[in-house]
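Engineer: The following block contains the structure, expressed as structure tokens.
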Amino acid sequence: MSSFGYDPYFSTSYKRRYVETPRVHISSVRSGYSTARSAYSSYSAPVSSSLSVRRSYSSSSGSLMPSLENLDLSQVAAISNDLKSIRTQEKAQLQDLNDRFASFIERVHELEQQNKVLEAELLVLRQKHSEPSRFRALYEQEIRDLRLAAEDATNEKQALQGEREGLEETLRNLQARYEEEVLSREDAEGRLMEARKGADEAALARAELEKRIDSLMDEIAFLKKVHEEEIAELQAQIQYAQISVEMDVSSKPDLSAALKDIRAQYEKLAAKNMQNAEEWFKSRFTVLTESAAKNTDAVRAAKDEVSESRRLLKAKTLEIEACRGMNEALEKQLQELEDKQNADISAMQDTINKLENELRSTKSEMARYLKEYQDLLNVKMALDIEIAAYRKLLEGEETRLSFTSVGSITSGYSQSSQVFGRSAYSGLQSSSYLMSARSFPAYYTSHVQEEQTEVEETIEATKAEEAKDEPPSEGEAEEEEKEKEEGEEEEGAEEEEAAKDESEDTKEEEEGGEGEEEDTKESEEEEKKEESAGEEQVAKKKD
């Protein structure tokens, strides 16, 4: 920024208006005007004050004409010093305003970039979540599918429970059969024990019989031996008797017949005894053989019954073990199915909870984004309002600075006027001052125009030096030409306004002593005209 208030953010026409001229603040011009335009006066109070001073100067150009001759050089020097100090203050204030405005513009650019980024993110989110009802329908469809799956799992569980009840009934029947088989096994074991006991008794009886057979065989052998000995002894006796009979026969012939009779009797008796012994032995052996055969059949039947009982017991035991294994497998399968169903139900419930949480988080995120977007819109609107206010303020400053020199000189020379009841630095609040300020001479207008011309020439010289250091491009040359044209148009407009002011001053001198209400109306009309002219200039700048 140069010493003449040059700022790269502003156009040349705006820079021409920001010259180092003093600023005169008027706290209150007229009560009616301040109440009617309070909103605008909060941003453009210096503008209205300068315009009031300017009108005061233009209206009082005739009445103060004689008083100028009475001014001495000391007062003029003091006024010039005051004007210099005011210009210095104005320069500092303008630099501060330019810096603030530049910072505001940077802040606005930064916020616009952030707004663009957020709008892009919002657009992406809207595209991503363009149909929240579709997600809701998808979630609801998935929830319905999961509920149907849960119902199917419940139905399957009920079917498995029915099957489990049937298996439990089968198990109870098998357990009843098992108990019956256990009882029959115990009965068979009891009968087997009795059969074993009978077999043992039969074996003992057989052993006794075998012992008795052995003893009888020994007795038969002994009897045979005794019989043979007896036969031998009898034969010996017979031979001895025969010899003796022969001897007697020789002596007594009748003894041989007697010996034959005795031998025949003994032979008959021995044959009879042998036959009786053989018959008794045979009958006894037959009885023992029959009893042994009977006992053997009973033992064999008992053994067969025991083996059959063992086979049945083993088969029932295997069947019971198979039923137990099947029961355990079914219970294990049922437990696995229950665990699987519980796990599936818990997983489905977790999925439902997760989807509900995601839906809630998505809704909250959408609400947060909408709130942030609303906040950004509010901030953007506030910034737009603030920018519009600053634009209005800058337009008012542009309008005010075009007439600041006239107002400053008027406020400086107002110290020597007896019409004013107070200093120009105390606020210039009285209406009598405004009425007397209209009598200032017209040649101060030319002096102000000369100062503005000098300032513009200085700015153009500064721009020419900068252009030498940095050659302008085609676009910048076109912009400079446009700015020159705008400056010429503004100068023509200012000349027209000066001519209008002179004509208005002439009319005001003729009208002379009108009241404050007419002045207020005229000032409002002038302000409206200047506002329309400023808006036209702003529109031209924008174009």
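Any Cβ shown, glycine's included, is placed from N, Cα and C.
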Engineer: Which of the listed positions, SER56, SER63, SER251, SER417, does Swiss-Prot note as phosphoserine?
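Structural biologist: Among SER56, SER63, SER251, SER417, the residue Swiss-Prot annotates as phosphoserine is SER56.
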Engineer: For the feature omega-N-methylarginine in Swiss-Prot, which residue out of ARG30, ARG54, ARG87, ARG185 does the record point to?
Structural biologist: ARG30
Engineer: Select, from ARG23, ARG126, ARG422, the one residue given the annotation omega-N-methylarginine by Swiss-Prot.
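Structural biologist: Residue annotated omega-N-methylarginine in Swiss-Prot: ARG23.
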Engineer: Considering the residues SER85, SER532, which is the one that Swiss-Prot annotates as phosphoserine?
Structural biologist: SER532
Engineer: According to Swiss-Prot, one residue among SER59, SER473 carries the annotation phosphoserine; which one is it?
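Structural biologist: My reading of Swiss-Prot gives SER473.
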